[in-house]
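Report on one structure; see the data block that follows.
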Amino acid sequence: MEVQKLPDQSLISSMMLDSRCGLNDLYPIARLTQKMEDALTVSGKPAACPVDQDCPYTIELIQPEDGEAVIAMLKTFFFKDEPLNTFLDLGECKELEKYSLKPLPDNCSYKAVNKKGEIIGVFLNGLMRRPSPDDVPEKAADSCEHPKFKKILSLMDHVEEQFNIFDVYPDEELILDGKILSVDTNYRGLGIAGRLTERAYEYMRENGINVYHVLCSSHYSARVMEKLGFHEVFRMQFADYKPQGEVVFKPAAPHVGIQVMAKEVGPAKAAQTKL
């Protein structure tokens with residue numbers, strides 16, 4: 001998943017969607033995700049404390065210098081609740097932190113920032129380029145020294161071996177890959193995930209990218225993506241992943257497998273496939 005040189009990012013980076021948390025009539029997708037965020041949280045627990053419903057926040061491009069703040073947020077609101085991390089009791093993992101920030105140079109990841117300058121939501125995205133026929137796929141797990149995280153990367157490598165999104169969309173050369181969508185639990189229910197996703201759609205339209213790809217290891221994440229108009233293009237049960245003859249991942253219900261979701265934001269034409 002390498003970066004293709006795209007049009008000047010300076011214009012993109014200067015654009016902000018200035019909005020008030022309570023004014024969810026600006027975007028239909030924000031109204032939808034407000035309902036979804038009310039119903040679903042990663043942990044399933046309510047927000048720890050109430051927040052000001054009228055607090056202003058902006059949607060901004062994540063900058064390289066935001067890395068530390070992004071990781072701090074993910075440690076609090078994402079890493080500990082991700083099903084595979086939880087099952088393996090992953091704990092502190094510098095390799096995971098580095099891996100999470102890897103797509104930032106693609107200049108298509110966005111953050112929600114409150115009036116105090118705090119990051120209250122992120123959508124980390126990367127760019128996927130169609131591989132050349134003679135390309136040898138790199139295995140992310142080969143260079144990982146953390147034994148538990150290596151298991152997760154090995155699973156991701158296996159999924160890439162079994163499924164190629166470019167086979168589904170034979171006319172596409174570049175696809176946006178949604179990596180991590182996370183919202184501060186104290187600000188859920190305010191449509192932030194919808195605003196982050198809408199900004200990603202705008203990026204796609206600005207750069208002629210037609211397809212949005214998201215890999216979900218969480219049942220809840222897959223349901224949210226469905227509500228956002230994504231559809232399933234690949235599925236693999238955790239019970240079917242047996243690299244050494246034994247099942248590696250047995251996360252708690254309802255997390256039963258990997259789902260790859262896709263959405264056509266532009267005029268993409270999908271090939272006829274069977275799940």
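Our numbering is plain: 1 for the first residue shown, then up by one each step along the chain.
Cβ coordinates come from backbone N, Cα and C, glycine included.
Here's what Swiss-Prot has on this protein:
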type    : residues                                                       : note
SITE    : GLU82                                                          : site 'Has a role in the catalytic activity'
SITE    : TYR99                                                          : site 'Might be involved in substrate binding'
BINDING : LEU181, SER182, VAL183, GLY189, LEU190, GLY191, ILE192, ALA193 : acetyl-CoA binding site
DOMAIN  : 181-254                                                        : domain 'N-acetyltransferase'
SITE    : ARG188                                                         : site 'Regulates binding affinity for coenzyme A (CoASH)'
SITE    : SER217                                                         : site 'Has a role in the catalytic activity'
SITE    : SER221                                                         : site 'Has a role in the catalytic activity'
SITE    : LYS227                                                         : site 'Acetyl-CoA'
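Structure with Swiss-Prot features highlighted.
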residue	record	DSSP (3 states)
GLU82	site 'Has a role in the catalytic activity'	coil
TYR99	site 'Might be involved in substrate binding'	helix
LEU181	acetyl-CoA binding site	strand
GLY189	acetyl-CoA binding site	coil
SER217	site 'Has a role in the catalytic activity'	coil
LYS227	site 'Acetyl-CoA'	helix
All-chain count of other Cβ atoms within 10 Å of ARG188 (site 'Regulates binding affinity for coenzyme A (CoASH)'): 25
Recorded positions near SER217 (site 'Has a role in the catalytic activity'), in sequence order, restricted to GLU82, LEU181, VAL183, ARG188, GLY191, ALA193 and a 10 Å Cα cut-off: GLU82
Rounded inter-Cα distance in Å - ALA193 (acetyl-CoA binding site), TYR99 (site 'Might be involved in substrate binding'): 22
Sparsest Cβ surroundings (other CB atoms within 10 Å) among the binding-site residues GLY189, GLY191: GLY189
Those recorded positions, out of LEU181, VAL183, ARG188, GLY189, LEU190, GLY191, that come within 10 angstroms of SER221 (site 'Has a role in the catalytic activity') at the Cα: LEU181
Euclidean distance between Cα atoms of LYS227 (site 'Acetyl-CoA') and VAL183 (acetyl-CoA binding site), Å: 17
Among GLU82, TYR99, LYS227, which are recorded as recorded sites, the nearest neighbour of GLY191 (acetyl-CoA binding site) by Cα: LYS227
Residue from GLU82, TYR99, LYS227 whose C-alpha is spatially nearest that of ILE192 (acetyl-CoA binding site), among the recorded sites: LYS227
Predicted model, mean pLDDT over the domain 'N-acetyltransferase' (181-254): 95
Rounded distance in angstrom between the Cα atoms of LYS227 (site 'Acetyl-CoA') and SER182 (acetyl-CoA binding site): 16
When distances run from the Cα of ARG188 (site 'Regulates binding affinity for coenzyme A (CoASH)') to each of the recorded positions GLU82, LEU181, SER182, the nearest one: SER182
